[in-house]
Structure formats: structure tokens, C-alpha cells
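Worksheet for the structure shown next.
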Amino acid sequence: MMVSYKLLSLITLLFVAQCTTGLLKQDDYVVRPDLLPGISSIKDKALIPKMYAGHIPLNLQKTTDENENTDESDSNSNTNYFFWKFQHQSVESPNLIFWLNGGPGCSSMDGALVETGPFRVDKNGKLYPNEGSWHSRGDLVYIDQPIGTGLSTSAAIPNLLDDLKEVSDNFILFLENYFTIFPNDLDKDIIIAGESYAGQYIPFFAKAIKEYNQKISDNKKKINLRMLLIGNGWIDPITQSLSYLPFAIEKNLVGKDTPDFETLLKAHEKCQNKINSISEDDNSFSHEECESIINMLVSVTKDNSPNVKSNEVCINIYDFNLRDSFPACGANWPIDVSHVAKFFSTPGVIEALNLNAEEVPRWKECNYDVLNHLTNPVSKPSVRLLPELLESGIEIILFNGENDLVCNNKGITDMISKLTWNGATGFSDKVQKYEWLFRDLTKDTEEPAGTVTFDRNLTFISVYNASHMVAYDKSIVARGILDIYLDNVMLVEKETDSPDVLISTNEPTFSDIEEEELDGEKEDEKDGVTEGDGEKSDTDEGKDTDKGKDEKNDDDDDDDDDSDDDSDDDDDDDDDDDDDDDDDDDSDDDDDDDDDSDDNEKDDKSESETKTHPKAKIALLLLLFISVFGITGSQALRQRNFQFRRAPLTSNSFSSSSSPNDPSNWDSNDDFDFDIENDPLPSTNNKHKAAKKKKDYVSIPSDIDESFELAEI
């Protein structure tokens, strides 16, 4: 049954009228899935989450005792933050994850529809399931902030903020009013996650939450902040700027033969000299001498040869294996962002999200006015906040795609090496290190996923073959980052000197894993021992159990969606299809969706028919570890889950190989006229190189708008 746009508009106007009264209820934000394009084509309705969306006014009501005696800032008058919440249909999660994209000024709908949310968007602007969605591990809330970002609005435009302190205050106002509307969420464990410039937002917001908890009256529930999750974060501008040239040399992006290489060296030296001259009372957030290095690096790596395609002129700063047009150099990437824009411009979508189409701006990924205003004349970089947060007991996970240039691994590891917290500087001699594998239970395959380093509440995860947007490249693998925090991984403890191994999988929900494991243990107790002699029966052992597992695996195969590979498929087809996107009619779109569904059914059927017996899988897994990692025959999976708080490994348990970040390993550093300190951490890139596949250059379609300035962080 179709709902007219006029009726939707009327409903939305009534909704907005309620906003000003402070009487909003949870039911006012319910999203009807059938009003969103593409949802009706999803055959497995269990993949469609509960959804809530809309504007939450920052001045909805004063909810703290302290605010009752303070004048409300005019800047928050008629200011509304847009949020979109996703909740699993059948799993009641104890976790609530707030996701923030960076910029500053970039919409968190990137996270919702390109990275970690339950849906991706195809080239026709229609939703389809994201197999690696994080909503199976916790409720997800994506927020467009600060003012001027995405679908958030303010009547006081251009009332843009210039300091992270103000941005943090507004976030607390949002949380107060969010928890007024969703009071049960205050009982959940809160995780604040995000990427890029969210490396500034998240620590500042965490500090603001701690201060808020201290101020509120005893009869009010505190916000139970448990963990911060920062992907490819921009946290320490000075240290990270100094990482650009050494990292580019390490990855063979530049060298002595690069034109204007000497200019790069001088720029690096100029940045270092500026830092050396900074006084202790200097309040600068960043320095132009250092920020200019990335622009210069992009400039000297341009390919101006006559035969080069216009969309392959310069390096993509978010994935150095890719190319882009100049001066975008990554701003046109990923192509899926254009699909998101098409989704939000589809008639009826804005109204379905409980917004008034006449009052919200046309959605765009990033607002550069927000970026230009947020200069932080008062606040200092968030790296200064990390020690206090770590010492307060909050877990912090920093995860990085290893192919990112703008917020690269070296910058993060150098920052950690200088950080002092919980009685030591950098990772201590009690640091725990792991190799990380991802196991696809559907395809019965494994692949190296990255490395994990943990010490004193801080975890650093390097993700193999991933970009600045880890969950975009490695959707289902990236969900393993949450599984590592939730102890939802297998641990293989090794008796050799190499690190232990963590294994994450594509199990759809955490509860499914626990239920399957418990059922297996019960069946083992029931069928594994015969009456009378107490010995196992080879003929009867596990018959019913194996049958049940086979049926479950078949069900999982049918439920699993192949959409995790969509980014590569879309990118491969974009050059041919983009010109036709606007001409596609509804019937063609529906046919495409039906064809895709049929193909997925065939793939699922084929995989189901060739499914390996569960016990054979375990045997193959153990053989793999024995052959590849040198595990002794007596060694097995010693525990199903692991905890970082277990007894630390000894320092001689790790590889002593030198780091590629060490300048002594650079082929082109003989003539350098500056010193770069050795990276104190072992290499995160020296494992599984034979198994890693380097991407080919992927061209961005030439018809994409090239009017962007050099991509922001």
C-alpha cells in the first residue's frame, strides 16, 4: 500500500511541531522499512533491523540540575542533530555503539551506508544487506554532528562551531535528550566509535561524559562508557605529520629518484624545526609547516605523462594503491558515496526518516565550511587526553588499515611510543601480541587479517590490505575488531616463539556462537560416553549433533549474503554503468534486484552442496596450524574465547625482526640530512606476505565531479 508524499509531509510537520515541545517519544522515531528503496527486495526479513531516525533538538529540555541555573546558549536554539539507529530484530544486545565520521564536517551516513551499518547502497540508490554489519554485536546509532554536518540543521546558520570544547558540549546535550527518548539505553555498555577526525571527537566526548557523570545528581543514571574505538584516527597532528615522508619512503611511494624529492626533505625538516621551537605554553592545535607535507607529497607523486588517464593522475591519500584525479586525490573515493547521495535524493526517503524535506539541506558527504571553522583556538589535540582516559579504566582500541597514507600506521605507532600512561611510556615489556586470522565459515577458508597489540587498556590493530575506511574494504573482517574486544574470538596459544593467534569468524550474531557452542557441549556430554564402560562409542558418537550442525550450517548459508563483495563489483562496473544510472526506471531496477537475488540463491545453493563436514573442518583447521605455524602435535585450541587480561606473554615470545620503519632499512636514506627515530614497535607488515595480494590500481570514473579541493582528513 503506497503512502502519499503529502501525507508523509503532514506527518513530518506534526513530528517537527512535537520537537519544539520537548514531548518526543521513542515511537515518534520509528522508521517503516517498506518506505526505503530496496528493502522490499530483501528476501530474508531477519536481515532487516529495527530502525529509528529523525532530529533530536539540542534544546529539547534541560535534564541536569546544573543546567537549570544556566542560560542556554542561543547557538543551540532550533539546532537539531540527525541520528539513525539500528537494532537487531531478535538479539537484545547489552552494547550501544555511537558511530561518528570525521572531516570535520563529514556525515556519519558514510558509516551507516558505506561501512559498518546493516545496509549498503547499490548504484541505483537501493539498499541491500551488508553481511559485515556491526548491529549483530550491538545497537548502532549514527549521528550527523557538529552543526552543519549531513542532515543536521540549525536555524542560526551559519552558526558553525570553532572549537572542540563547544562540539563536546553539544554532544552531551544530544546524549541527554537521546537518553530521555530512549531511557532503556542507559542500562547498556556504551562504545563510542568512529574514524579519521573522530580521533579528535571521541576522546573529547569521552572526557565530557566523565565530567557529566561527576556533575549529575546521585538519583540519575550515569552514562556507562566502556570503550573507545578509533579507526585510522587523526589524533596527534604533529607526530602524524612527521610520519608522512618516512612512511611514503617505506612503501616505495617516493625515493631519491622522485622529482622534487629534495623539496620533500626540506619540508619535513621545516616541520621538525618548527616543533623543536615550540614553547610549553604554545596553544596551537596544529602547524601549517607540518600540515603542508601531505599536500606536497601528493604533488610530487603526480603522473603528468601524456597517456595517463585524467582520473589516475595522483595518488589516493586514503589508499595508496589507488589513483584519482587532481586535485581530488581521494576525495572522489569511494564511488559508493555517490550511491548514498542518490539514496537520500530518492523521493520519500527523507520523509521516511521522520524529517521535513523542506527544512533539511540536500545531503552531501562533507561540508567544507564546518572544516574551515573548526580551527580549535582553545583546545589542544586529543592525544593529550588519552593517558587520563586509559588510567580511568576505559578501553581504547586504535585500528588502522595499512594502506592508508593520511592517517598511516607509522603515525599511530610513533604516537603510542611517546604516550605515557599507567606507569610506562609506550607499549611495555609485558605487551601482548597476536596474529589475527579471519575464518569464513561459509566458504571454509581462512585469510590473514592483521596483527593485534595490547597493553594496559590500549589495543592497536593493523588490518591487512585495508584503506582509511577499513570496514568499506573489509566489511566482515572489520567486524572482528568488535569481536576481539568482546572476547568473541578463538585463541590458539603456540609453543613456538611466534605470537599466538586470534581467529574471528563470520558467525552472524554473538548469541548464535554462544548457543551453538553450548549445544555442542551438551551433545558431547550426552553422546560422547556410553553406559557401562565409560568409553566413547565410535559408531554412535555425535550423530544427532552432527545432523543438527549440518542443518544449522545450511541455514546459515541461506542467510549469508554475498553483498560483502559489492564494493569490488560496483567499482568494476561503474565505468560502464554510471552513464546509465539516471536513466534506469523502476522496472529495470526491480529486474536487477530480482536477478541479483537469483544469483545469490544459486551461489548459496552451490556452497551448501559442497559444504565440508564440521568435524572435517576442525581437522583441516588443526592441520593448517600445524603446517603453517609450526604448532606441536600435542597442542590444540586451549580455550574457546580469550581475554586480554590473561597472563602476559614473555618478551622473547615474539619475532625479533627489525621494523621496516627503521631508517636503516630504507634503500634511499643515505643522503638524508635529517634524523628520524627508529620505530620502537616490531613491524606489523612482516607476516604472511606470501598470502597478501596487492591490489591493482582502480580508476575512479572520469565523470565524477572533480571540483573538490584536496581531500580532508
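The backbone N, Cα and C atoms fix where each Cβ goes, glycine too.
According to Swiss-Prot:
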| type | residues | note |
| --- | --- | --- |
| ACT_SITE | Ser196 | active site |
| ACT_SITE | Asp404 | active site |
| ACT_SITE | His468 | active site |
| COMPBIAS | 512-522 | compositional bias 'Acidic residues' |
| COMPBIAS | 553-601 | compositional bias 'Acidic residues' |
| COMPBIAS | 651-667 | compositional bias 'Low complexity' |
| COMPBIAS | 668-678 | compositional bias 'Acidic residues' |
| COMPBIAS | 686-695 | compositional bias 'Basic residues' |
| CARBOHYD | Asn457 | N-linked glycosylation site |
| CARBOHYD | Asn465 | N-linked glycosylation site |
| SIGNAL | 1-22 | signal peptide |
| TOPO_DOM | 23-616 | topological domain 'Lumenal' |
| TRANSMEM | 617-637 | transmembrane segment |
Worksheet, complete the sentence: Here the recorded positions are Ser196, Asn465; the one whose Cβ sees the most other Cβ atoms within 10 Å is Ser196
Worksheet item: Reported as an integer number of Å, what is the Cα distance between Ser196 (active site) and Asn465 (N-linked glycosylation site)?
Response: 18
Worksheet item: How many other Cβ atoms are found within 10 Å of the Cβ atom of His468 (active site), counting all protein chains shown?
Response: 29
Discussion item. Through the lens of DSSP with three states only, how would you label Asp404 (active site)?
Written reply: coil
Response to the item:
The average per-residue pLDDT within the topological domain 'Lumenal' (23-616) comes out at 84
